[in-house]
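Peer 1: I'd like to ask some things about the structure below.
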Amino acid sequence: MNLLIKNGRVIDPSQGLDEIADVLVEAGLVKEIGKNLKAPAGVETVDAAGKYVVPGLVDMHVHLRDPGLEYKEDIVSGTRAAAAGGFTSLACMPNTKPAIDNKAVVSYIINKATTDGFCNVFPVGCITYGMGGERMAEMGELKEAGCVAVSDDGRPVANAELMRRALEYARGIGILVISHAEDLALVGEGVMNEGFTSTELGLKGIPRVAEDIATARDVMLAEYTNSPLHIAHVSTKGSVRIIREAKARGVKVTCETAPHYFTLTDDAVRGYDTNAKMNPPLREADDVAAVKEGLRDGTIDCIATDHAPHHLDEKDVEFNAALNGIIGLETSLPLSLKLVGDGILTINQLIEKMSCNPSKILGISRGSLRVGGVADVTVIDPAAEWTVETEKLVSKSRNTPFAGWKMKGAAACTIRGGAVVFSR
Amino acid sequence: MAEFKHRNIIALRDLTREDMELLLATAENMREINSRDIKKVPTLRGKTIVNLFYEASTRTRTSFEIAAKRLSADTVNISPSTSSATKGETLADTALNLLAMKPDIIVMRHAVSGAHYHLAQKVTCSVVNAGDGAHEHPSQGLLDLLTIRDRFGRLDGLKVAIVGDITHSRVARSDIQGLTKMGSHIYLAGPPTMMPPAVEKLGNVTVCATMREAIQDADVVIMLRIQQERQGKTLMPNAREYSRYFGLNPENLKLAKPGAMVMHPGPINRGVEMSSYVVNGSQSHVLKQVENGVAVRMAMLYHVCGGELV
């Protein structure tokens, strides 16, 4: 399909582009960017006046639950939700059933996403077989099959020697290691952040230092092995500080946070709301401030959703019994745009963190509107006002703490490979 | 008399000072029933109360059952070993099935903090908390308030020391909520491994470095049970050392005000939290607490049923 996206504010930090212009898409590629482009015959026009036209958003941390847990989400529903949220690409984490630790599962995901999906899916393989933390997975084969990174996300690689070797081996293969930084001994039976709220609610706390220590360990291992490392879902001021200092020393470390970590505090758990139960847990106000500062000063490279769908039955239980995680694909963009409204990031910086940087870190050819490149484009309406109504969400699951929230900003149109996969 | 506006009693944090005053005043009236030859009034005749105890309990469950029976309610006791929980049924489904049998009140004990709020969202009958995880134990808190008020005639301006495992204690949380709302000042002591973060923000609470500091000139000393099933292996070296630094004995009890009250929610680990000399001594109000427990629970059941006499 050919498209002419007219009169939008075209923002592409990868090219230093920020101007009112038209974008012409032909044969799935960006054909031309310029003012007053004429639509060739038969070309559909998208009116983007008053809107941002940006490289398709990339979410580098999503749980698609397919294969094995399709009752929560599957590749079709997850990618449809992603498109509705403005994402054209996502990286899916390997804690499926079976886990993404072999070529067959990788091929299944890529094939299903290609034939039935609404956005590009880049699988993340396991660091260890079955995420068991015992033996390194076949990273070479995983990469060859199409994995863009390895991670045991959901659990840390507890054995420091194994993590060291994984970093070294992955460097040789040329695949990124994504760390789920958490010291399980310190987590114990904790179910929320340890602090005043956990004291008052009588819930077992997870101390912030459980994340900080694991972040520090993995950063030190990355430094020692001279290997690239990406820290997932940073939530504490300690982790932000450790990563900032490591970057200043030249360690090849990058990191991400998620919208809930700069939007909510552990106060959201009050009322024992299981939709505020996640891992890492929601932290305190000074952590939220540190995460925002980390985003502002560039310590935090990316905003990912950690979209973690769960069935109603897995959340509608006593707090301790509820599974961790919330969905995020459809709320990420407005929550992140608030950073722009609050003066923490410019819109250009936000697009860097939601498109350019994750593409660069994962080594995928996305995150840019360069002429000749794949036409993955998101048209954002920053003024769109809407309310999160859970029954209208596209994801199969409904586990969000943002139900009923009034949002500002939304994807007006999501274009993947030149085809409109979502429009509002 | 003021009106009690709550359908459920889940936490003293949810109650106002006036709510608690009303419950205590009612409990004082109920006490008279307990001293009669025939300890039964028809107040809750025709009402059905389900005691749903997911955690082991002797005194609380018995106390609630006696309270219900003295008000002529019909009671049913359900414990985990006889419930469908062993077959994998969720709390919500258990609650809905019970609700279909039209009970008026579910009295529940549960190991998970906040489980009662979850239950209360599912059922239309009243929910009374008989202890949830490390969150609250409101009937214990109220009976402690009543026992202290019996001794001093007031609750404001008292120095109350609470010693032991504060982190895991639902009794401590209810006592703190109840007593600070009534004007007492709480002094906490215990190993730092058993002291939850920012606990002083709960109200008029001071965290003390030593047990001596907490009980010095105290009007009331509440000793908490060391919950060995919750301790794991990292919170204290052993019971012997705990007893040495955090146990109450006749010697350190002298630091408190003369005639200070000694209380304990029970069951007591004799020789660990308190020496038998203290437990059996003249300052101990442990059995008075148990006695007041029945009256307080009668008051709670009465008020969640709307406070109407049959």
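Each Cβ is built from the backbone N, Cα and C atoms, and glycine gets one as well.
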Peer 1: According to TrEMBL, B:Arg59, B:Thr60, B:His137, B:Gln140, B:Gly266, B:Pro267 bind carbamoyl phosphate; which of B:Arg7, B:Arg13, B:Arg17, B:Arg109 is also listed for that site?
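Peer 2: Between B:Arg7, B:Arg13, B:Arg17, B:Arg109, TrEMBL records just one in the carbamoyl phosphate site with B:Arg59, B:Thr60, B:His137, B:Gln140, B:Gly266, B:Pro267, namely B:Arg109.
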Peer 1: Write down the Cα-Cα distance for B:Arg170 (L-aspartate binding site) and B:Gln140 (carbamoyl phosphate binding site), rounded and given in Å.
Peer 2: 9
Peer 1: According to DSSP, which kind of secondary structure is B:Thr60 (carbamoyl phosphate binding site) found in, if we only use helix, strand and coil?
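Peer 2: Going by the DSSP assignment, B:Thr60 (carbamoyl phosphate binding site) falls within a helical segment, counted as helix.
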Peer 1: Got a sec? Which of these binding-site residues, B:Lys87, B:His137, B:Arg170, B:Arg225, has the most Cβ atoms within 10 Å?
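Peer 2: The largest 10 Å Cβ neighbour count belongs to B:His137.
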Peer 1: Would you list the binding-site residues among B:Arg109, B:His137, B:Arg170, B:Gly266 that come within less than 8 Å, Cβ to Cβ, of chain A, in the order they occur in the sequence, writing 'none' if nothing qualifies?
Peer 2: B:Arg170
Peer 1: Relative to the Cα of B:Gly266 (carbamoyl phosphate binding site), which of the binding-site residues B:Lys87, B:Arg170, B:Arg225 have a Cα no more than 10 Å away?
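Peer 2: So far as Cα distances go, the binding-site residues lying within 10 Å of B:Gly266 (carbamoyl phosphate binding site) are B:Arg225.
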Peer 1: Measure from the CA atom of B:Pro267 (carbamoyl phosphate binding site) to the CA atom of B:Arg225 (L-aspartate binding site) and give the result in Å, rounded to a whole number.
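Peer 2: About 7 Å separates the two Cα atoms.
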Peer 1: Out of B:Gly266, B:Pro267, give me whichever of these binding-site residues has the highest number of other Cβ atoms within 10 Å.
Peer 2: B:Gly266
Peer 1: Pick out which of the binding-site residues B:Arg59, B:Arg109 has the most other Cβ atoms within 10 Å of its own Cβ.
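Peer 2: Of the binding-site residues B:Arg59, B:Arg109, the highest Cβ count within 10 Å belongs to B:Arg109.
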